[in-house]
Amino acid sequence: MRSHILGRIELDQERLGRDLEYLATVPTVEEEYDEFSNGFWKNIPLYNASGGSEDRLYRDLEGSPAQPTKHAEQVPYLNEIITTVYNGERLQMARTRNLKNAVVIPHRDFVELDRELDQYFRTHLMLEDSPLAFHSDDDTVIHMRAGEIWFLDAAAVHSAVNFAEFSRQSLCVDLAFDGAFDEKEAFADATVYAPNLSPDVRERKPFTKEREAGILALSGVIGRENFRDILFLLSKVHYTYDVHPGETFEWLVSVSKGAGDDKMVEKAERIRDFAIGARALGERFSLTTW
């Protein structure tokens, strides 16, 4: 696992609470890459390429700094964290993200952009702690605790889930560099950088042949009307069992083949390539249109 804790800050709960109250009033809308999630998934841009409050698309900045949106003005504590903790010269985008009773399917980010993947640096500052919220990164499942700042290797196959209704708000700050860099350069305040903290790694059950056979038996259940539901179901398996998240798509292809529906097989292969292979900037994918 390349993802790891970068440091930890003490959150001012009173100031944070006021910001969270504002974020709760912002309407939930269709997200960029909304096909990656089900349930409650809400992203609110605080800084982005355009300064537009509805602009949720991450893209490379060309010689101009990230612009604050009107939402940034309404969350002064989070805005202070962004501008004092992080290296503003490298800031590409900052947004809050919330996930409740939902899963984000395994995927890779930055594949539609122009820089070398190692030049993108995504961080998550956890603002709230939901005990049943987890992230996965290749072969590991982690629970991010409130106040922890993580580097999330978003170029690897990764996923997120919250099995509960408890809010799990985070501040996602994306930075980018032009060449080789030291990760502590992500911070304006060098005292924040403390990468030796121990992570909360989730223990998982062994993935057995019997468990795999049970998954493949879904070929007797899957159909075009529940194809999307089966994908999200399979996306949760690796949080309980010790198996790579990328297997989600191999199971989906196999189950679709077992059902004998060529259209489903084609869609399963296409969502696999779209999520963890390559896609164009702004490209979308429908899981329900046949």
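Glycine is no exception: its Cβ is also placed from the backbone N, Cα and C atoms.
As the structure is a computational prediction, the values presented were derived from the model and not from experiment.
Lifted from Swiss-Prot, the feature list:
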- H107, D109, H158: Fe cation binding site (BINDING)
- R168: 2-oxoglutarate binding site (BINDING)
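Secondary structure from DSSP puts R168 (2-oxoglutarate binding site) in coil. The two recorded residues, R168 (2-oxoglutarate binding site) and H158 (Fe cation binding site), show a Cα separation of 17 Å.
Counting every protein chain shown, 26 other Cβ atoms lie within 10 Å of the Cβ of H107 (Fe cation binding site).
H158 (Fe cation binding site) is surrounded by 23 other CB atoms, counting those within 10 A of its CB over all protein chains shown. Same-chain residues with CB within 8 A of the center of the H107, D109, H158 CB atoms, the Fe cation site residues themselves not counted, are V104, P106, R108, A154, A155, A156, V157, S159, A275, I276. Taking the Cβ of D109 (Fe cation binding site) as centre and 10 Å as the limit, one finds 19 other Cβ atoms among all the protein chains shown.
Around the Cβ of R168 (2-oxoglutarate binding site), a 10 Å sphere holds 25 further Cβ atoms from the protein chains shown.
Look at D109 (Fe cation binding site): DSSP puts it in coil. In the three-state DSSP reading, H158 (Fe cation binding site) counts as strand.
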